[in-house]
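Per Swiss-Prot, the features are as follows:
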{"type": "REGION", "residues": "1-37", "note": "region 'Disordered'"}
{"type": "COMPBIAS", "residues": "1-11", "note": "compositional bias 'Gly residues'"}
{"type": "DOMAIN", "residues": "45-390", "note": "domain 'SAM-dependent MTase PRMT-type'"}
{"type": "BINDING", "residues": "His58, Arg67, Gly91, Asp113, Glu142", "note": "S-adenosyl-L-methionine binding site"}
{"type": "ACT_SITE", "residues": "Glu156", "note": "active site"}
{"type": "ACT_SITE", "residues": "Glu165", "note": "active site"}
{"type": "REGION", "residues": "300-324", "note": "region 'Disordered'"}
{"type": "COMPBIAS", "residues": "302-317", "note": "compositional bias 'Polar residues'"}
Amino acid sequence: MFAGGADGGNGHLPRPRRARRGGGGGGGMGSPPLGPPPPPCTDYDMAYFKAYSHIGVHEEMLKDHVRTNTYRNAIMHHQDLISGKVVLDVGCGTGVLSIFCAFAGAARVYAVDASDIALQAMEIVRENELSDKVIVLHGRIEDVEIEEKVDVIISEWMGYMLLYESMLGSVIFARDKWLKPGGLILPSHASLYLAPITNSHRYQDSVYFWQDVYGIKMSSMMPLAKQCAFMEPSVETISGENVLTWPSVVAQVDCYTIQAPELETITATFNYTSMLQAPLHGFAFWFDVEFNGPVRQRSKKQANQCLDGNTQDASPSNKKKKADAPIVLSTAPEDAPTHWQQTLLYLFEPIELKKDQNIEGSVTISQSQQHARFLNICLKYFTRDQWYVKESVMK
């Protein structure tokens, strides 16, 4: 499920995990609304879209009950803002979210996807006798035409560590071109978190395994094993027991106000205190998204203050739920697992930490200049009287 354009070129395609969405469009009745010129669709984009036409990625997403049920609950929670309205599903995939919106009473749903899975979505819509309500458009969000404004935009745009694949830009494109003033965006807000972790089992499986293999000494393989296992970010599931400190907030996104250039580079500082004595094996990213109605929009300054590098405390005292708390989809280690898992940056050499030991530094996440869907990650941290730097590319 795919939304929009990225930098072109040949080379390493993004890992085919969950599908990325294709976008949709629309404007006011009559002349299509004016908007920014669409980015070109490159050969690289076409190969990327083709990779996600495979049924497996959609099966994985639909079998993620946390993800799918949270979206369905959020749609029904906002039924009063969806019933009788026009909805745009940016990157519809199999069309499940579009159909949920139709069940919630939407007058019309434009379901858009750039991958060939859109052809299957058409059949699914027809099978459910919703062709009079759900209009499937096969194309990029930047290229399709819809001759009316929309009241609601829904999209499952999140990639690994929230921002991988750069699909949020396509949601922004759709918002600026077609969303009516005061319209609804689901999800409405997102937060990206970072925390130091310990994971001895991972080192045992990937590195220390080579010390003795069937009675044969293979320690000479360990340096290569570390390079292969820990050079790039790793997507895997950890538990709350692996996390050494309360997380810090790397970025917060308000989908009502965020602009695409703000996503090009994000920098945040952190200052952690280890809650136990354990080896520091790396750092973990995870995210959550909220489903807020328009009346709960935050100011642009408040919503994006972390994009300016300000750190916020994400401890439980700052995450207490209020009576009117929004629906939240979380990928945190302590919550039910999802297909996003967590994104881990492992160190080549563990660092022994004492209880209450300090770890401070900064993290910078930037879109790759070669392939906009890739992320460059630079982690700088200071502990035990020494500075360290970990640089990785999420691709």
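Glycine is treated like the rest: Cβ placed from N, Cα and C.
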Which listed residue (Asp113, Glu142, Glu156, Glu165) has most other Cβ within 10 Å, given these are recorded positions: Asp113
Cβ-Cβ neighbours of Gly91 (S-adenosyl-L-methionine binding site) (radius 10 Å): 33
Integer Cα-Cα distance in angstrom, Arg67 (S-adenosyl-L-methionine binding site) to Glu165 (active site): 18
Structural state of Arg67 (S-adenosyl-L-methionine binding site), classified by DSSP into three states: helix
Secondary structure of His58 (S-adenosyl-L-methionine binding site) (DSSP, helix/strand/coil): helix
Integer Å distance between the CA atoms belonging to Glu165 (active site) and Glu142 (S-adenosyl-L-methionine binding site): 16
Among the S-adenosyl-L-methionine-binding set His58, Arg67, Gly91, Asp113, Glu142, as the record gives it, the longest Cα-Cα distance in Å: 26
Surrounding CB atoms that lie within 10 Å of the CB of His58 (S-adenosyl-L-methionine binding site), all protein chains: 21
Residue pair Glu156 (active site), His58 (S-adenosyl-L-methionine binding site) - Cα distance, angstrom, rounded: 12
His58 (S-adenosyl-L-methionine binding site) to Glu165 (active site) - Cα separation in whole Å: 16
For Asp113 (S-adenosyl-L-methionine binding site): DSSP state (helix, strand, coil): strand
